[in-house]
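TrEMBL has this to say about the protein:
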DOMAIN    41-76  domain 'CxC2-like cysteine cluster KDZ transposase-associated'
TRANSMEM  257-279  transmembrane segment
REGION    751-779  region 'Disordered'
COMPBIAS  756-767  compositional bias 'Acidic residues'
Amino acid sequence: MRGMSHSAWDIKMHQLCWYPVVVQGGVHGAHPPMFAFALHPVVTFNVLKLFHKLNLLGKLNAYDFYHGLESVTDGSGLYSVGHRYKEFLHTVCLYCLLMMAKWAGRGHDPMGMKGTSQGKCVVECPWCPQPGRNLPDNWQDVPEEMKWLYALILAIDANFKMKRKQKKDTQKELGSGWAYFVEESSYQRYLENYTDQKEMKHCDSNHSAVDHANLLAQKRFAVTGVGAIVCACHGFFHKHGISDLQCSECYANMDYVLLSTLILTAQAILMLILSYDIACSFHIRFFQRLREAPDRLQFDFSGLTLQWAIPKFHLLAHGEKCQGPFSLNYMLGAVRTSGEGIESNWALTNPAALSTWEMSGASHHEVLNDVLGAINWEKTIKTHEHIAFYNHVIVADLVEQGNAVCSALEDAVEELAIQEATFTELDDTVPESYSKEWEILVVNYEKSSAGLNLYEEKGRKTSLAEVRLELQEEEAEESRRGVMSPHEMTASTFLMVGLDLEEQQYVIRMKKGGTQTKEAKAKLEEKRGVLCNWIHVWCQVQQVYMPFVSQLLEGADTVSDKPAASSGTSEQDQKPEFAKLWLLSAIPGQVRESLGMPDLLSKEARLREAQADDALHHVRCQIRIRMGILQYKKKTVNGPGQKANTRMHAEWAQTYAQVWQWREDVKLLQEEMCHAVAFFESKEKEWMSMIGTRPTARREITLSADAYAQHQAAIYNMLALSCVTHWCPLLARLGLADPWAETAYVQTLWPRNDAPDGDTSENDSDLDSLAGEEGKHAV
């Protein structure tokens, strides 16, 4: 090939499916000297494609792959094989960048790669609302109560397995900001102004995300993890939806990635739901932080309905005041979204963390951008099979069980019928005046969580935990005033331990009797031994606070409370579950008054009252649960014929919310089917519009670019066709409206207007032939 021009040599190399090896300095700096010498090392396309697939799907690192090739070449190690590992790394890096740009259509733009805008190279979610692409023309004219149908639901979280070690880093990232990671230089300039930000906690519970944010950064790591924004319903990573974290989930880092994502994806959205496991603290000063952010991060929230939520599993660890306002179960438009799908995404990215720990900052971003794109694309080509990470279950593996979209919609229709029947039966037990009043309160609470929360109980005046805290605070105040406790165990703690011992005695007494196995008897004896030791220790403290008890013990048997049947058995007289503890409440009234211990008596009375209130609350809950299970007709908690108990409002409201969420689920699933098909149609049109956009290029480049555009357009056409093929029979079987009944898809699938029978094998084979190895990842 000596004497060839640069362009001719370039074409010849690609016709041979050879890729020139990039030498040191060619990737993260100046362009590589493509053919500086007559003899130049190359990598075949097959090797690059094989490594790329193994790296994305199996997370095989370049080191192991390269040494595997060396072993295949010479397994004995007796011969010298040219070591080109570094060159292979640089070549793979450039190859992955070119493929990402190619899949985004950058080769068809006359501006080339230099004209690539921020976030242009991502694989977008076909389900999420995108005005102008997959929404109907009049979507903005929907009534206020139906805005949720086009809501964008995002999940926020951090992953601390995606670390990167601290090391000298001189490489420059290729395509910074083109895909999922934010643009690095702007991000670092932003962080320079937030080096000493103090994160405040506004929740009753302790959360590592907030507590660890105020710790010093680990010197071993330049990056301690990543913060990410994904589609909460389907698990797609979004444009600029991921950034490095220097020290846990600092608000500054999470603000930046959130605002960057919203600017690129949510400009025309009417309703936004943000799910974050610390949303209760994160949202407090969010708009104040927004005002202080740079101009490029200013997102206009005017005219946008914004709701903050906590994922369902994480919500259980939060305090009581977070349970209502941040619950996805009671939020309008949240349907059956759990908010936990982002956690499952980390299972797909974590295997890559072992290799990215040792990388430079540039390579760290480039590799993860590639991995996240592959994750999104795998979900895209399976759109006709399932809605990834959807609703009440995470269906990453449901494809093995059949059509998961069908499962989701069929389950929603079936569950809706069950919930409606349950609510109807419950509603019949409540007077109409109550149900109408409660419905108004529920609707008002959905509009503004500042109203009365009908979903939670208001029955308890105070709880045992609250009284215990009050007593400890009072004793701490006394200590500051110089009034010291006579023992290291304070009086309130002494009384609480006494109440706990009484509870343990009751539990053991209830377990005694009946036929028991030897193992059960052994466990019972173990519990008796532990209880006996605790009583012995507690009685020693009792001599400090209640010294008169020793006189009472001389005149009364400590096991006088035992059953009559065992009164003559000396062995049972020694059982700790029958021991008399002699708290003040157990002493006769006349004797108690003569002892003159009003302070201790008052504390015990407060604890006893709270204990009784807790017990009564649980009894009421159990009665209502039992009533629901047994489905007592026309009865209330207080019995037949009495006025309806207003404490039923929590059960009524929760059941009401279940019905409406399943109704929303059925409607949203049908709407998102239309979103997906419309998205694929818009992508098809985009690729078709790229034909003929390089008229001034060499003829072979023009022909190749046009052919590739037609090929990609066919891919998206088949994806849309496959979705319709799978979903039309399902909608017909469920008696739901078919939005494609009057479209060209029907003539394509059933030219004789035959009834759809659900046989989609031919279309599936056509799709697989296009969207498989020859699809997005075709070279």
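Any Cβ shown, glycine's included, is placed from N, Cα and C.
TrEMBL annotations: computationally assigned, not manually curated.
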Tertiary contacts of the transmembrane segment (257-279) (same chain, 6+ residues out, Cβ under 8 Å): 118-119, 128-132, 140, 147-148, 150-157, 182, 203, 207, 209-210, 227-229, 232, 238-243, 249, 290, 293, 297-299, 303-311, 314, 326, 328, 331, 333-334, 337, 339
DSSP residue counts for the domain 'CxC2-like cysteine cluster KDZ transposase-associated' (41-76), split into helix, strand and coil: 26 helix, 3 strand, 7 coil
For the domain 'CxC2-like cysteine cluster KDZ transposase-associated' (41-76), the mean pLDDT of the predicted model: 89
